[in-house]
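**Q** Take a look at the following structure, please.
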Amino acid sequence: QGNYYSYGGTTPGTPIGCTNLITLSNVKFFASSSSDGPDIPVLNSTDYWCSEFNWKNQSLTVDLGFVTFFDRLLVQGEPFTSRSVSEYFVLTSIDGINYTYILGTNGQSMKFVGPLFNGDQTRDTNLTAPVQARYVQFNPQEPMIAEDDSICMRVGVESCQLVPAAVNGAWSHWSPYGPCTHACLGTAKRTRTCADPAPVFGGSPCEGVNEEEKICNDCVGTVNGGWSPWGLWSRCSTTCNPGQRSRQRTCTNPSPKNGGTDCSGPSTQSEPCQVQFCPVDGGWSAWSGLSRCTRACGGGRQYQSRTCSNPFPGHGGRDCVGVRSLSFTCNTQCCPVHGGWSPWGSFSSCTRTCGGGQKSRTRVCNSPAPSCNGITCPGGNQDIQPCNQQTCPTSPSTSFPINGNYSNWGQWTACSVTCGQGTRERTRLCDNPAPAQGGSQCQGPSSELVGCTEIPCPVNGNWSSWGDWSNCSSGCGPGKSYRYRDCDNPAPANNGLNCTGPDQESKDCNSTACPVDGGWSAWSSTPCSATCGQGTLKRTRECNNPKPQYGGASCFGNETEQEVACNKGPCPTSPPTISPPTTGSPADSNIPELDLVFAVSATSSNRLATYNSMRDTINRFITTYGSNKVHYSIIVYGKAVQRVISFNHTFPPSVGELQEAISRHAPISGPTVLKNALQETQTIFQEIPSRPNAKKVLVVFTDSNSPSDGNLVQAVRPLENNKILVVSVGVGDVNRTELLTISPNPLDVLSVQPTAGPGALSKRIMDRILRRDIPLIDIGFALSATSSDFQDIFVKMKNVIRTIVERYGVERVKFSLIVYGQNVTTVLGDFNRNLTQADLVNYVNNLQRVPQNKNLDSALLEAESLFRQRARPNSKKVFVVLTDGVSTLSNANSLLINTAELRKSDVLILSVGFGSQTNQVGNQMNSVVFAPRDYIAVPNYPAERDVVIAETIMFKALEVNLPLIDLTFALSSSSILSQETFKLMKETVQSLVHTYGIDRIHYGVIVFGSVATRSFDFATNFPDQNELIRKVSQLTRSGGSPDLVAALKEARKVFQLKEVRPYARKVLVVMIDDESSANKNDLNEEVRALRNRSVLVIGVGIGTQTLPKDLGIITDDKRNTLKAGINKNRDELAREIISIILRPSGLSKWSSWSACSKTCRYLGKAGTQIRTRDCKIPELGCDGMRIDTVECNKMDCEGCGQRGPLNESAYTASSNSESPAFLAALNTSDPTAWCLINNENGGYVQLDLGELTRVYKVATKGEQQGDRWVTSYYLTLSEDGETFFDYKAAQRLSGNTDSTSVAFNVVNTTRPYRYVRFHPVNFKGEPCMQAAVFGCNEEKILPPPETIADQADAAKGILIVLWILAGILTFLLLMACCYYCCWHVCCGRGKKRKGLVYRERSIEDDGYLINDEKRWTLGSAPMTPVPRVREDEIQEVTIEMKEDNEQPLGVIQFGIETDETKEKHVTAEDVKSEKPKYSEEASSGTIKSGSTMMRMKANDGSDRRKRTKSEGDAIDAVDGDLDWSYLSDEQGTAFTNEAFVKSQEQFLEPPGSASFRGNKVDMRRSLSADELATLDYDLFEDRQGPLHTATLGRDGYMRMHKANQGSLPPSDGGREMGTVDVAIGGIRVPNSPKDDPIYDTAGQEIHLAVEQAGRSVYPLEDGGYRGEEWYSRWG
């Protein structure tokens, strides 16, 4: 019965008597996730299951259909591949809810072993005891190969013994009879099942039938009613926020007859709906209290702030208007300065020379002088003392000495300085008397200085000392620390200069690296422990991916695991016979014959480690692939070359002998001379010829570069000529450039570290040798050689193709061959054809050139047909053009169209140019290839190696079919779920790298929080995508609130790098999970800087804490924003990002910004700058903006802005007011306001603006102290203060939501007013308000002043120009009159007719479009059959309005002139149309000949229309017509190009239909500001049906169609006719009868009896399309 055990390997065979419990009649499979399947993945089936998400809990569950016993499990992998499962657990369940693991003998969850290396190998496990269950869940843990993350299974569940006794099946009870099939003589059925019980364990099935019928309904004549299918859902009752929609059905399927019952149930269903959230405009919070003054005196500052959080703006609502913070001066009084005395001056001369005199001295209170209420100096300013007390003589003596004495002091001089502290001086003379007869000189100074004080001098500011450093911004890893200083030492005063230099410094901090947790390397297996008698395989792994560092956790789990039994065959008991030694292992059975040379060099400073790595890899390679089919030669080289072992094809060495030989040999020292190794390899292959069918390979191992290239090109050429493949392995820090010389395909150069696992590396080497790591490729070649060197070039082309065939074989790569010149010859056109490699080479050798001029268009069309019809379903498709000159029979436009058709089939197009015309070929190929790098120029083709060209082609062929993209990610994760969100961000980046590679997309990453850090950018070189993925996995979050401005600034620097590729698409993806605190203005500035550099910004919000406004600001299109939950699948999010990047693939580059349209903001509207781009390749998709606008010159014009400040007398109010009207002046710091009492009907507050003003905005605020405000109000306006007009028919404007914030409303007036009244309607508490008006003066804004002479000269010049223009216009008018008289009168061509114009032709006319500026939005135009209409005639349509009078509002005329000279795709630029004319001519009641009037019932108010005039026409409206001149914001928003983006595909048939075509560029037309706007326009609605849906935009278009002669037979009710259709998005059939006089359509019914509807599309020569559409309808 077999060997039973709880854990082990494959049994010798299938146990006897096993029953398969998985049958097609009872089986059900379901899985946790699937990339393939699950379908029915049973053993030996083509169905299989592969897990999509590998996270240790993936599972495949089989429902056996009943509870049973099983004791044997079997698994396989994906058929025909190596994708399988090496380990898995099994869980079982009785009820499908509670699952338990199958346990081993140790009581732990049993680990089952799957097949190794082969998806078709069956691996079974027998259990020691049967398990009872209905549900069996397989929980795979690891794939077959560690580097392959695919988990794929096919399963079997069997019962071999201990099976319960057989259970025979028994029928269940009969079900009730079902409904009768017909109203008369129908049948009814009932059924039963064989499930009570079901047959199991070999039991017999039920006997008898499982279905019975009986006759029912004997036709008594009654018919019960039946419901029709539900109709379409109506539109949502609201345009935003929750509403209701409904649908209906009727009791007509069938209708009740002859007393039959009516239908039961409702005829109407309704359900909630929501088109979108209503926009929520942001509102300011209350101002915070004033902060403390920064200075006690001398002028300080106080601050208060508010936030835009009451409410936060949402769903596209406007941000708050105004400033977030205010500052005020405080304590401006000067600081007190107390006075201080100057030093005493010198004593004066004594007043007498004898007899007792006095002398004095003074001081001044100026050191400093008292100021700002400072205390004056204490004490006196003069000191007097006696002097010369001696007695005077009684008589004079001539010899008595006369001492000198000073005269009085002179006047003080002026102060020595103009500001601050200075001095003044005065002097005296010694002449009162002068000294004589030996008398003494005057005592004391002759001059005196005193202080003086002028105005204060300016004080320049000076910095205080730096403050302390702040804490580091990150806990580990690089961070920033900051410190600050203030400009207060001293603070600048008296107009002094401010401090220079920054007030902030930063420094790097936290040099301690963040902990890095260890990660396991891939498993690597050891050789079997025994060659016979059953050994075991072990596998090991290392904790080095990455190694734990800086305190990080070590890896969890075991380093070594026992694997499965191996070499279980019995050991031989008799001596072996004499034969060549055993050389191989079973593992090499699926590989071809290989003659393989290993060249090993280890000469670096780390040569011991690198050489051991190389030697271990070679040993593992030999162990894995054996030596039967692979024969080996090994050389070791450095400065010299030594052979370790040579080929021996007769008796090849055994695995052990090979391993012993390489293990014994040491590395050779000295410089690495790679040229010598290449020459030795060539010698080895010459000495010992290779086996006939063996592939020749050289694998080079090196850990350093050669001192010089040593002419490697010449050394490797003989190897290439001998068809030897060279694979290079650089171990350690080896420059790849040298290795790329000998291995031209970058995929053939492997860069690894010495710690790389030998098992994984040996597999990578074999994958490159056999090219089995590439996908299925269908590659087509188109060859053309017509230059003077065509013979040599054509041979070169064939050599290149032959090299690709020889290197890549014919298993995974299939070929087609086209040769073209003026004609196209398809030599090989079926990718599904199975050819041998020799057959394919023979096809290439026999290719014959096609002469004459090149017609590349024909080759592209032939290729498109081949790939569409003959390509394999899952293959990568590549088309390569090989040419030596330009295609003279093709133009850029036709090439664009034909290559676009190829790209629709997902074909990557490459081109190779040979010879002297490579530059010209490259210019033409810009219309063919996706990016310039897809063109390969080979000007010096004789010198270029065939292998280099061939491998360059194949390397590019393996790239993804994408344009070049320079892609930067800015990641910020600071929410409460930051770990989960940052993990999703990193995994999304990794998914992009894994899916799309690093060749066509270059990457950069910025991580930001409160600061932005660039982790890597386009200048960072990554050897392969695995290294980049590893780099992304090591990213760490940045702390703090996300500063979007800092992130965008850093991104701007990234896109300024010289490494940004000129032809690459530049993309920034911002991923955040929290609200940003960035200033909106700063953010807009950075966004514009990126847009100026043509950077596409995509915003991705992760989680629930991001605000839509943050993402909306940074993107120029709301479709460029994504929202993702934390459980979003990473691959799906990556695909959504790529789809946004590729959406506008067919658009050209943006043009430069235009000049600003205005020099300043007028009427609240700033100027605009415009840039445009064209739809270069429509078939690739042009789903993006064509026109981009930005605001510019936002400063208000002179004379524009808030009116005021107004005098108190300018504010007046209605009589019943409780407060003065002047309190209505808007003042955010004033807590009072004007209030209206008793809610007076029509009460108001009036503002006299003092002059006529064009008002464009009003603002209101509530009363803060009473917490009262107005929530809605309306306006009236007047020019003279007597006659007031309601603004917009007294439409209510939104007021305030609190008492503190200011609410603004934009208004649109067409004339100036002086008086504005605010009428409160709804309010909170009491109707209290402050108000302000914004407007512009009516006077003309004058240019800068000029001199009188300049003005006079300018005026003369203008008059001359005007006279010339007047003469030209007069001449043109005379010519027009002559034309009219001759053509319309004399020739009889002037009669007007009903209908639109078309020219008489024998084929259908094209559709014509009306120009934007000349189109009008008529709802429906009557269509009148006429025999003939002239080209230049016009149609007039009058629409009658039923208001308070019987007169129509006007007549609208338009006309079209056509061009008969050529059949072409006509666009708006080719149509010459009259400008719409507005006429009051119809007021008289007379209708022009040929016009049609649409009349309406006077009592039918619901169907009446209003048509409002455009702004240009409304200037002449009377006062009462104010309402007609207003264009609402909602209409202005709808009439943009973006409105059509959502609807453009609705004009087309589904993609699967034969008439499907790409985006129809010529129907992109939007309304202009000069057109009529429509209000209350509900009579005609959108036509329902596949061509026009409810989401259709307002895209006016006109079609004209002329039926062919006899195309509508009279027998079918048809007749020759013309049709017109002028519509906004299509017209639905009116509900009223066709003869209702409201339409005036009697006698105008049109029958199209041939077909009900249809569409035809014809391509035109210039690349456009001509489309026709027809349908039948009333009138």
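Each Cβ is built from the backbone N, Cα and C atoms, and glycine gets one as well.
Swiss-Prot lists Cys236-Cys273, Cys240-Cys278, Cys350-Cys387, Cys365-Cys377, Cys419-Cys457, Cys430-Cys442, Cys472-Cys509, Cys476-Cys514, Cys532-Cys571, Cys543-Cys555, Cys1156-Cys1192, Cys1175-Cys1182 (among others) with the feature disulfide bond. The domain 'TSP type-1 3' feature in Swiss-Prot is assigned to 281-336; the stated evidence is sequence analysis. Positions annotated as domain 'TSP type-1 8' by Swiss-Prot: 1144-1198. Taken from Swiss-Prot, the feature domain 'F5/8 type C 2' applies to 1192-1336, supported by sequence analysis.
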**Q** So among Cys387, Cys419, Cys472, all listed as disulfide-bonded residues, which is physically nearest to Cys442 (disulfide bond)? Use the C-alpha atoms.
**A** Cys387
**Q** Please identify, among the disulfide-bonded residues Cys240, Cys365, Cys509, Cys1156, the one with the smallest Cα-Cα distance to Cys419 (disulfide bond).
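**A** Looking at Cα distances from Cys419 (disulfide bond), the smallest one goes to Cys365.
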**Q** Please give me the CB contact count at 10 A for Cys1192 (disulfide bond), counting all chains in the structure.
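**A** For Cys1192 (disulfide bond), the count of other Cβ atoms within 10 Å is 18.
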**Q** Of the disulfide-bonded residues Cys365, Cys457, Cys1175, which one sits closest to Cys509 (disulfide bond) when you measure Cα to Cα?
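**A** The smallest Cα gap between Cys509 (disulfide bond) and any of the disulfide-bonded residues is with Cys457.
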**Q** Under DSSP, is Cys419 (disulfide bond) helix, strand or coil?
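**A** Its secondary structure by DSSP: strand.
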**Q** What is the number of other Cβ atoms found within 10 Å of the Cβ of Cys273 (disulfide bond)?
**A** 16
**Q** Taking helix as H, G and I and strand as E and B in DSSP, count the residues of the domain 'TSP type-1 3' (281-336) in helix, strand and coil.
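**A** Per-class counts: 0 helix, 13 strand, 43 coil.
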**Q** Grab the pLDDT values for the domain 'TSP type-1 8' (1144-1198) and give me their mean, rounded.
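**A** Average per-residue pLDDT within the domain 'TSP type-1 8' (1144-1198): 78.
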**Q** Please list the DSSP helix, strand and coil residue counts for the domain 'F5/8 type C 2' (1192-1336).
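**A** Going through the domain 'F5/8 type C 2' (1192-1336) residue by residue, I get 7 helix, 73 strand, 65 coil.
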**Q** CA-CA, which of the disulfide-bonded residues Cys273, Cys457, Cys514 lies nearest Cys350 (disulfide bond)?
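**A** Going through Cys273, Cys457, Cys514 one by one, the closest to Cys350 (disulfide bond) is Cys457.
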**Q** How many other Cβ atoms sit within 10 Å of the Cβ of Cys419 (disulfide bond)?
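**A** Counting Cβ neighbours of Cys419 (disulfide bond) within 10 Å gives 13.
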**Q** Give me the Cα-Cα distance between Cys457 (disulfide bond) and Cys472 (disulfide bond), rounded to a whole Å.
**A** 43
**Q** Can you grab the distance from Cys236 (disulfide bond) over to Cys555 (disulfide bond)? Cα atoms, rounded to a whole Å.
**A** 57
**Q** Please name which of the disulfide-bonded residues listed here, Cys240, Cys365, Cys387, Cys543, is nearest in space to Cys1192 (disulfide bond), Cα against Cα.
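**A** So, spelling it out, the nearest of the disulfide-bonded residues is Cys240.
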**Q** If I take the alpha carbons of Cys1175 (disulfide bond) and Cys543 (disulfide bond), what is the distance between them in whole Å?
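**A** Just about 54 Å between their Cα atoms.
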**Q** When the number of other CB atoms within 10 A of each residue's CB is tallied over all shown chains, which of the disulfide-bonded residues Cys442, Cys457, Cys509, Cys514 has the maximum?
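**A** Result of the Cβ crowding comparison: Cys442.
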**Q** Hey, how far is Cys365 (disulfide bond) from Cys514 (disulfide bond), Cα to Cα, in Å?
**A** 68
**Q** For Cys240, Cys365, listed as disulfide-bonded residues, tell me which one has the smallest number of other Cβ atoms within 10 Å.
**A** Cys240
**Q** Among the disulfide-bonded residues Cys350, Cys472, Cys555, Cys1156, point out the residue whose Cβ has the most other Cβ atoms within 10 Å, with all shown protein chains included in the count.
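**A** Output for this query is Cys350.
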**Q** Relative to the Cα of Cys1156 (disulfide bond), which of the disulfide-bonded residues Cys273, Cys278, Cys377, Cys514 has the closest Cα?
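**A** For Cys1156 (disulfide bond), the spatially nearest of the disulfide-bonded residues is Cys278.
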